[in-house]
Amino acid sequence: MATAVYRCAKCGKEVELDLATAREVRCPYCGSKILYKPRPRVARRVKAI
């Protein structure tokens, strides 16, 4: 049972989905099919040349 947290592109709410048993991937709040995985807020250091 692999649950993953996604964010809805339309309403912005976080949705937890079980991808093993989910028949369709939709936001339960607004019905949008566009969900994306939120990126962690980690600052990355880039070495200057």
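Placed from the backbone N, Cα and C atoms, the Cβ positions cover glycine too.
Quantities reported herein were computed from a predicted structural model and do not represent experimental measurements.
These come from Swiss-Prot:
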{"type": "BINDING", "residues": "C11, C27, C30", "note": "Zn(2+) binding site"}
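Residues C8, K10, G12, K13, P28, Y29, G31, S32 surround the recorded Zn(2+) site, their Cβ atoms falling within 8 Å of the Cβ centroid of C11, C27, C30, which are themselves excluded. Long-range Cβ proximity for C27 (Zn(2+) binding site), meaning a same-chain Cβ under 8 A and a gap of 6 or more residues, is found for C8, K10, C11, K13, V15, K33, L35.
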